[in-house]
Amino acid sequence: MTDLTDLGIREIRDGVREGTFSAREVATAFNAAVAGAKPLNAFLVETPDHALAAADAADAARAAGETLKPLAGVPIGMKDLFCTKGVASTAASHILEGFTPQYESTVSQNLWDAGAGMLGKLNMDQFAMGSSNETSAFGNVISPWRRNDGGNAALAPGGSSGGSSAAVAARLCPGATGTDTGGSIRQPAAFTGISGIKPTYGRCSRWGTIAFASSLDQAGPMARDVRDCAIMLEAMSGFDAKDATSLDLPVPRWEQGLNASLAGKRVGIPREYRVDNMPEEIEALWQQGIAWVKDAGAEIVEVSLPHTKYALPAYYIIAPAEASSNLARYDGVRYGQRNLPDGANLQAMYAATRAAGFGEEVKRRILIGTYVLSAGFYDAYFTQASKVRTLIARDFEHAWDKCDVLLTPTAPSAAFALGEKSADPLAMYLNDVFTVPSSLAGLPAMSVPGGLDRAGLPLGLQVIGKALDEQGVLNAALAIEERAGFVARPQAWW
Amino acid sequence: MADATAPYRIKGATGDWEVVIGLEVHAQVTSNAKLFSGAATAFGAEPNSQVSLIDAAMPGMLPVPNRECIRQAVRTGMAIDAEINRWSRFDRKNYFYADLPQGYQISQLYHPLVGEGSIEIEDGEAVKTIGVERIHVEQDAGKLMHDQHPTRSYVDLNRSGVALMEIVSRPDMRSPSEAGAYLRKLRAILRYVGSCDGNMEEGSMRADVNVSVRKPGDELGTRTETKNVNSVRFVMAAIEHEANRQVELLESGGTIVQETRLFNADTGTTRSMRSKEDAHDYRYFPDPDLLPLELDDAFLEECRASLPELPDAKRKRYEAAGVTPYNAGVLTAEVETARWFDALLEAGAAPVAASNWVTGELFGALNRVGKDITDSPVTPGQAAELLALVADGTLSGSLAKQVFEVMLETGDAPGKIVEERGLKQTSDTGAIEAVIAEVLAKNPAQLEQYRGGKVALFGFFVGQTMKAMGGKANPGVVNELLKKALG
Amino acid sequence: MSVDTATVKKVASLARIAIDDAHAERLVPELNNILDWIEQLGEVDTSGVAPMTAVIPNTLRLRDDVVNADPLTGGGIRDAVLANAPQAEHGFFTVPKVIE
């Protein structure tokens, strides 16, 4: 029998339905893989019993002749940003150590309702702030990938959903949830040779997901291929009356709608995404991607998104501003860590608790956010950034007059080594240059593996679509996937 | 302004000072559930028993607004002829305090739901219009208890997230009594509209009092804000104290600091709340968890259509029906009284007689038995019947009083009481003539004096006749027959 | 605009994050580096442009005024509310005594 952990979501779902193997066998195999991959530090909490219980329910349903649920028998990994009832949820921060939610996030509940089981809670950048997983309070995740230079440099799995990307790439789970605020699904997917989609803002409920920046945060799936992403996204999405920004629309049947032919479609190539100092290999992959979509029948059109260069600075005002407010609730009163120095009053307790509980990057962003909202600076920073955001969204609107989707690289580099960028926050921020504009505009965007660089590390291509057109994004990504024939995988060293 | 009313002035050593007052009233919106969560709003529940995951600001929790709270604020705005903003939005006001679990209050700074409106007040004889700058909707905070433990404060979040309207007046008031009149009028309007129960003891209405002083004609002075004053009397006392304090300070060469102060109800004084180590910087910005609030025509039409007749309109209607301005004022001051009076009119009572009877007989009786009009032992229907019996001559004024006493005791209908106790007044001329004859026979001396020109004795004969008839004779008929008999 | 140590300490105090002088000094160049870079937004002509208010055009839904309609957003769950409190007594959260 093949190793069950080599299977993706669709193969597991179909195999369980057909009785090729039992859901319990699948869960057991993945539980063992998780337990055997401690050096990756991808999981903060392992929940083998949760996975087994869901598997047994699937097997029992099949035995009873019932119609199986969409994800019956599929065990997944859950980013630790999602609150899970009775299972510690920390957002990889000390300040939430010891916090056990009494509730289940809507996205995770939707997955359980679809029959999925949970293998564990995945490590991440603290409060989803980071692009390398180095801001986790519980040690960084190490990418399962290594350069082919014979060195053993530990590489970043990307971030913030780095536990998710590492776990899927290392075959510890067939799929995992991620969240994307400025690229946190797409960049780690690109770094680890997997697929990941951020849907339109409002497709996935934010209820019960620990907030980073409310106007940008979107959950999405990370999985081995485009089809698996479509299957998982269908289960995660849906209207939620508990989230005022949730879209009250039916969930499209994305898997059923998959179609790799791009005949009649126009693929836009934004000229402003050609940035200075972009590695040749990234440029070459982009050209390759253009050739692939052309081969799939698409017409290529050059488009302009003139405000692209202002997206990152606008993002680094808006996201920290929202975060500075969203994270005010971590005060040591109702949950999480409390730090009460001798004789401290209430305000001193807050300051001590937050100083001890938040990591450096989180503090940095809270300070920036506090500063840009403070008296006298609000209009110059926040209001201006919100206006630029309007212009960025307008750029995309104009592009849609000329094309159906956009094709760009996902990140300006392959995975970098851990420690390489952590000393320079700004250099780290610049890694999100291609992913942030679509986040600001709330658009669906996906990363799909395109190939390897000279060092043998994966590179990703990004497809950006119109609001609500996840199908168009998935289809273009599928066309690329079929032509890229990406089969590389990390060799197990852990 | 009536000329008789001299403007309110603080007499200082350097001359007269004018007081400038603005009020920010926080009124709890009447709703079943909180502004952004489904937890209940009832007063007096066990600590933290009416707290949702949202109100406790658990990680990942999100607000969804309660339609009723928005509706009530809009109706309140309409009741003061204010501009209703079809497009408004919620902002976050960021600060750290133990009663504020989110670390921010969801409020409306930049685009409030309700804009410019006004309220007409009466201060003695004077009528004045007070501007209302805005009404916005926001979350209430929780409650801290400081006296339960020697070193700890206890936090109860039951109030956390309850909807408030903040009603911000223009600095248009010039005396404590104007501020009192404004508060009473605002409270009446809120209670007519049904958007706030106006219960100041339970904290449903609190006022932040902005006070400054200046020499008449000068520019506005620096103001102080006295927070959370929870009765009309206290608001007036706080203004009086604060204005005098400011005048004394200024006249002794000091300057007023713009600051937050607290009112001490026991001493009637105000004191500075905190020295600002951390000048407040609330870092307001639009709440990204909530989209702009857009109101459509149907929503606004329903709000308007569901507004009741308001105190000013009701008062005009009563006055037009002949009710004295004083009585009309008394009858419309409280919504319950006005409702009762309207029911009485609807049951057929004549407005003038009814207004006199309610403000006289009924209020007196309720006062005596210590009841509110809402639990009056006599219903408007019964009262209308009683007044009808007076109007058609069945009962005299004094008989009506007797019947009313029995009604209060038994709750019986007046008709039944009259029937059972034989309290009906008689207009039987034969019987009355017989009694008059008796009275004249018994009082020959008085009769002689009367006939000798002492006509004032007429009243004596009326009294004697009424007495002999047990009060049941129709006074009009008695008068007429006596005149005849006395020649 | 750039920050100095005093500003960093003031902002940290507003954000209720205790920092010592050395930490504040370390943050000054870091934050200035980021703020300098953010400054470039000033180049953009935004006259006549409205700030974005909704990422995806959508209207704010309002909920009905019903108590505990959904157990996930309703009250009456004191144990769950207090379950994670670092310190709770007699049904209250507790904090160091606040003197007003």
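The backbone N, Cα and C atoms fix where each Cβ goes, and this holds for glycine too.
Per TrEMBL, domain 'Amidase' is recorded for A:32-474.
Counting every protein chain shown, 32 other Cβ atoms lie within 10 Å of the Cβ of A:Lys79 (active site, charge relay system). As annotated by TrEMBL, active site, charge relay system applies to A:Lys79 (among others).
Secondary structure at A:Ser160 (active site, charge relay system), taken from DSSP and collapsed to helix, strand or coil, is coil. Residues or ranges marked as active site, charge relay system by TrEMBL: A:Ser160 (among others).
Residues annotated as active site, acyl-ester intermediate in TrEMBL: A:Ser184. When secondary structure is read from DSSP and collapsed to three states, A:Ser184 (active site, acyl-ester intermediate) falls in the coil class.
Here the C-alpha separation of A:Ser184 (active site, acyl-ester intermediate) and A:Ser160 (active site, charge relay system) works out to 5 Å. The two recorded residues A:Ser160 (active site, charge relay system) and A:Lys79 (active site, charge relay system) have their Cα atoms spaced 10 Å from each other. For the recorded site, A:Lys79 (active site, charge relay system), the DSSP three-state label reads strand. Around A:Ser184 (active site, acyl-ester intermediate), a 10 Å sphere centred on its CB holds 36 further CB atoms from the protein chains shown.
There are 35 other CB atoms within 10 A of the CB of A:Ser160 (active site, charge relay system), with all protein chains counted.
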